[in-house]
């Protein structure tokens, strides 16, 4: 083999060890002559494989053989060291070269610039190029002692030793290229490197200048040149200039490649121009090019982030035709797109299909599991977590990140036992929990009110030498504070200080608010001072808590001071603080001050539902019912009556004033139009409406008892009764029909509500049918049923029916009841039998003298509490 053939063989070796052994065999031949090109090839192979010890030995041997390194040798060494991240060591070779009196040629200079560029040393790269251009090499700013890498140190020691072995001393700024007044690059690759350098440094003008110099010098432009310039212009927001470069590229007969369109694809995606993204993708195929992995990743990312499912699936189909597989980095984005659209089965199919090709990294598994976790799909996350991963030939160990996101998924799905079980078992699978594992679990358990479990886990975490974050301590303290376990909250706070974790405003805010709620002003104020002394200023939330604390002790002046502090913060007092002051003034009966805040909020359009409700409460407590009603009406006009609480507050105001029809209208709007479900507070107001509407107290108690016991149709019976008593009969019949059409049987209270509603509207036949249906089901009439029947008979003029019940009442077949007597009297009057009504009145007085009636009155609900 001649030397050239030997070079070819050495270059063909992909394994450094094999290349080295072949080289040794060549050297063992008698006719072998040492060749710098052969050494260059072997040194490159060793450098690329990071076999630094072998490289040193080869370099030393090269010197012993008297083989002098060339520009190519040094350029190659700079390249392999630079690509290994050993930038300073790479530059030491230039120092070595300089001391040997060899000036870097253009290729070597370009290599150095590229190494510095890739290390983000843009200014040094620019300086090196400019010095080279005037025949100088300056490396005085090179820090030889900054590296802490042991391997790097040994490499530098070797290189520094080599510097001294050269025997000569030369000034680092020596003008080795003095024979040339000015050096200008002549290679396309050099210009490309410089353009890329200035582009990455954000120096667009310098990049354009180099491009212009390249044109003036007549240096051939290539696709890489234009791609780099297009990317630089587009990245700086100059998309029109980038498009102009594409036109210039085609004018010069330089064909764009796939990377060209990939650049435009990413630029259009960044600008949000989806049509242009799709067009770029289509242009690649139209021009006879083939989309590469970068293309597919970019287009799938852009389309999936915008949930363009049809377009994504079209791209995937084209990929399958080209026998291309979806890159695993795209899978989390595609899974998120499908899951967001409610197509979790499609996401599952896509992931399983990719798994069948050999699986993917633990990081990708974790990202997909996190998609499921964020959407509350813990079962789907669990299925993927435990899925078979043997497709690649070996069982893949799960990274701790996978466990962490799976625990997160269980937490989002409130599967706390599963989360703890997974945590306890992960060590058995060879994966140890990290800080994130513990912090996530503790925060999850604290948020689920399992704070004692969280405390145990916190102690375990500290014993393991792991550090809890401020957020973790904050979550535990907040839960203790919420549950009024203040001593425990303080203990955790003290432990936080011992662990050298600095509390933030959230931690202090939880403690201050908890003590404020508890009425412990001293402790709330103490933590405020501790917080401020630690350098954390009070924010809106904390100052609002202090307003609450001052309110608990009745200190208006203290609350005012906190409110004034808020005026100095950005945005001034927020709505929560203003409402707190409004509430405080209301509780202390300070009407003018309360009205001042209320009017100020209205003028600024800052009043919310709490503002109106609080002002209603203020007026109502002071007996100013007309003003309270005006506030309620304005609240409704403002569109702030939109949830159960606000509807209830407004109804309570109308009920107190006795405007019962308005209550009924609001109730209809709430349950029928807005589809809101009344809560316990709402029903408390409705009982008041029923009593004020004249329904016997026995009927109200019956409805209230049925609701409290959670009986079927109890809510509907109360609502029907309210509509009936306030005279909204159409609503009452609509409500009544909703539950009477059910085939299942009812309790007495439901039948009573229906009979009452039909009677009030004059539908006597329907009322009697309901009574007969009640009897058919074996339900005995109670006193409420009898009262409703008497009313029905009276309205229908059915005197005999009234007489029958009167007779049972008179002769003791029915227990004497004042409400029933009154109902009989009213029935006779409705039937125009005033004489019989007079007789019943006498019987009623007699019964009252002989036997005490059962108390038919019950205490009204505390209306003041309803409006708070």
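Every residue, even glycine, has its Cβ placed from backbone N, Cα and C.
This prediction places the mean pLDDT of the repeat 'PPR' (35-69) at 92. Feature annotation from TrEMBL assigns repeat 'PPR' to 35-69 (among others).
Look at TrEMBL and you will find 70-104 (among others) tagged as repeat 'PPR'.
Taken from TrEMBL, the feature repeat 'PPR' applies to 187-221 (among others).
According to TrEMBL, the repeat 'PPR' annotation covers 222-256 (among others). Residue counts of the repeat 'PPR' (222-256) by helix, strand and coil are 26 helix, 0 strand, 9 coil (DSSP-based).
Long-range Cβ contacts of the repeat 'PPR' (257-291) within its own chain (Cβ-Cβ under 8 Å, at least 6 residues beyond either end) map to 223, 226-227, 230-231, 234-235, 239, 242, 246, 249, 298-299, 301-303, 306, 308, 311, 315, 318-319, 322, 324. Annotation source TrEMBL lists repeat 'PPR' at 257-291 (among others).
Annotated repeat 'PPR' per TrEMBL: 399-433 (among others), in sequence order.
Residue counts for the domain 'PROP1-like PPR' (415-532) under DSSP (helix as H, G, I; strand as E, B; rest coil) come to 90 helix, 0 strand, 28 coil. Feature annotation from TrEMBL assigns domain 'PROP1-like PPR' to 415-532.
Residues annotated as repeat 'PPR' in TrEMBL: 434-468 (among others).
For 469-503 (among others), the entry in TrEMBL reads repeat 'PPR'. Remote same-chain partners of the repeat 'PPR' (469-503), defined as residues 6 or more beyond its termini with a Cβ less than 8 Å from a stretch Cβ, comprise 435, 438-439, 442-443, 446-447, 449, 451, 454-455, 458, 462, 510-511, 513-515, 517-518, 520, 523, 531, 534.
TrEMBL lists 539-573 (among others) with the feature repeat 'PPR'.
Taken from TrEMBL, the feature repeat 'PPR' applies to 608-642 (among others).
According to TrEMBL, the feature repeat 'PPR' maps to 747-781 (among others). Proximity of distant same-chain residues to the repeat 'PPR' (747-781), defined by a Cβ-Cβ separation under 8 Å and at least 6 residues beyond the stretch ends, is recorded for 695, 699, 702-703, 706, 711-714, 716-718, 720-721, 723-725, 727, 729, 732-733, 735-736, 739-740, 788-789, 791-792, 795-796.
Same-chain residues lying 6 or more positions outside the repeat 'PPR' (782-816) and placing a CB less than 8 Å from one of its CB atoms are 696, 698-699, 702, 748-749, 751-752, 755-756, 758-759, 762, 764, 767-768, 771, 774, 823-824, 826-833, 836, 840, 843, 847, 851, 853-854. Taken from TrEMBL, the feature repeat 'PPR' applies to 782-816 (among others).
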Lying 6 or more residues past either end of the repeat 'PPR' (222-256) yet within Cβ distance under 8 Å of it, the residues of that chain are 188, 191-192, 195-196, 198-199, 202, 204, 207, 211, 214, 263-264, 267, 271, 287
The DSSP breakdown of the repeat 'PPR' (782-816) into helix, strand and coil residues is 26 helix, 0 strand, 9 coil
